[in-house]
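Only one structure is covered here, and it is reproduced in the block below.
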Amino acid sequence: MWELVETVRSMLNSLHDGEISVSAYDTAWVARVPALDGSNKPQFPMCLNWIMNNQLEDGSWGDRDLFLTYDRICSALACAIALKTWNTGDKIVHKALEFIRKTMPKMELEDSTHMPIGFEIVFPAMIEEAMALELDIDYREPVLQTIYAERKKKLERIPMNVVQNYPTTLLHSLEGLHKTIDWDKVIKLQSPDGSLLFSPASTACALMHTGNEKCLQYLNNLVKRFNCAVPNVYPVDLFEHLWIVDRLQRLGISRYFTQEIKSALDYVYRYWTDKGIAWARGSPVQDADDTSMAFRLLRSHGYDISPDAFKTFQEGDSFVCFSGQAGQAVTGMYNLYRASQVMFPGETILEEAGSFARKFLEGKRQENQLYDKWIISKDLPGEVEFALDNPMHARLERLATRRYIDQYAADDVWIGKSLYRMPFVNNPIFLELAKADFNMCRALHRKEFQQLERWYDESSLSMFKGFSRSKLEQTFYSAAATIFEPELSPARLIWSQCWFISLGINEYFDHQGSTKELEDLINNVERWNVNSLGNCSAEVKILFVELYNIVQNHSKQGFLYQGRSIGGALREIWKTWLSSLLQRTKWKMSDNNPTLEEYLKASHSSIEPAVRSTMYFVGETLATTGDIKDSAICQMMNTASRLVQDTHTDKVDSSLNSITIYLEENPQLTKSEALSEVQALANKNMQKLLYETLQPGALPQACKQLFLNAARIMNVFPGTNKVQAKLSNHVKRVLSQPVL
């Protein structure tokens, strides 16, 4: 496995302008450029040779392993025109024209979603050139009229005076407009690298019409870089940097490449603008897809970044990826939706973007149309559905990883002006490493759970209804799904034991135990003397002894991690939590309900002891955590957890909870209206918690992440009575099933 890690690390350290496959279509346009010295020969004869040497058996050019009619015909026609322009390769041209004649009618049958970028602009222009060259194809094909109509619609959306004076996506397809535009104006929109919006074909056309030296330099560099051919777009540096980081994270292997990922994101951050970014640095045109991916990754890694960039893509009540686009791309809206998931409080633009993107994606799902115009991937519908059904505030990392390992493919194909591949984004090495890592962690987790089972069997907890073996498995799953790294084995065990104990105690006092018993348990925790338990019930004695044993054990381990005794701090954690349980019990028995503010301030989630105890075992040295119970991040976690639990309760009419209190304070509301208000309050608290987690502060990041993980766990499994049904399949996928 470590050889795979080093191979990936070498890839990451070699990132530059992007690894991308070559394009026959764009190479054909470069091959058409006449020599700038005035001689009757091509400026790039090596590109002409590449065309003659790379025709496929059926007479077309393109991706050998994937046939799409639009792509193959467009490339075949471009190559045939290039060869005919220089009166060479007659047999190759003849074979290409045979392919075009045979295949052109099939364009009517192909899904227009798979039409290459700018096809409706460049293909009609090439048809006109083919007619001028008297190439033998059927110019009366009905499908051509449809394409001409699409071209007209596109040009109506972006008028020619705009194309010639302002950066738009049509700069990427100027070869389709070369007879009508003013090249003296358009060349002023040239990118710093000499290209026209990083398109080799568009730049080659500009070079033909202007002889611009920077265009020539750009193409010379590309032909040399790609060994006599060119890609459909270059550079793709920001795109590659971002999508690699995204894939590594979703595959669960990013922890091996912390420094390399930081370098990649530092690079992207240098080119971030207040209008967003595109696929390449210094682009005069921004797009919502790359901007969304950059925003989400940068923000989640702690970079200071404003969501105001999304105003660039807001048009009235909707959002677009590009101004003047023909239609929405599923992946663009998918990434916009994902970006909205890292929203901080008050960020209205992200709220609007997320709402729009979700509505669009839900509509596509209902229509069974979750496929995209930019990528042909293994399971895009599954990716989108998982994101819609599992929003970030209710998603556990390892479950998402397990799902994505099944969805990731090493051979995804992207749709640009032609089909292309990104070998550093999609490759078998990533997948092999992800599978090996997941199976390694899963095997370790299984051993840890067996250790927990032995502890459970040796304890007296099984006599209580609330301490079931299935619940033990569920609490361990919550740890394995969030703090899964091999080196955090003690943290997982401590988390599992603490949450298991607190859930069991909570259930006991909800259904069986008396207020006096709870007071006795708290008194015993204060005395902390297993040999002097006082006059209390047998059940309280057992609960205290089991709690005493695990805290003592955790204290011994904690000394090794912290270099000092943490026993007092661990006892205080349990005293605080039990006291909050007592307060809630007293409120339930009282005729006077607390205010919502009082109720939430006093609420301490059943998961709090697990979070605060585990903090000592995640590799960070903590000076003190005495004030953590009153800290903002702890309060936010508890509040968010309590609110989400209350919104899923089955006892809205009788129990003391956020909804009944909210109704009491707002009697004009219906029950459903109060529920909606409390759900909105829960969402706002999750936003606050995310903000607090990502801000720099005295508490180490690894510790803050525990609080966020805990709130997400409570969002995934709100209410102990619903845990079993919802968890069983998740537990199986993460703990029991190896990845094959």
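Glycine is no exception: its Cβ is also placed from the backbone N, Cα and C atoms.
The structure displayed is predicted, hence computed values, not measured ones.
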Of the ranges 103-106, 287-290, 623-626, 727-730, which one does Swiss-Prot flag as motif 'DXDD motif'?
287-290
Other C-beta atoms that fall within 10 angstroms of the C-beta of K373 (substrate binding site):
21
Mean of the pLDDT scores, which run from 0 to 100, over the motif 'DXDD motif' (287-290):
96
Summarise the motif 'DXDD motif' (287-290) as counts of helix, strand and coil residues per DSSP.
3 helix, 0 strand, 1 coil
Around the Cβ of K154 (substrate binding site), the count of other Cβ atoms that are within 10 Å:
19
Quick check on the binding-site residues D287, D289: which one has the highest count of other Cβ atoms within 10 Å of its Cβ?
D289
Cα-to-Cα gap, D287 (Mg(2+) binding site) vs K373 (substrate binding site), nearest whole Å:
15
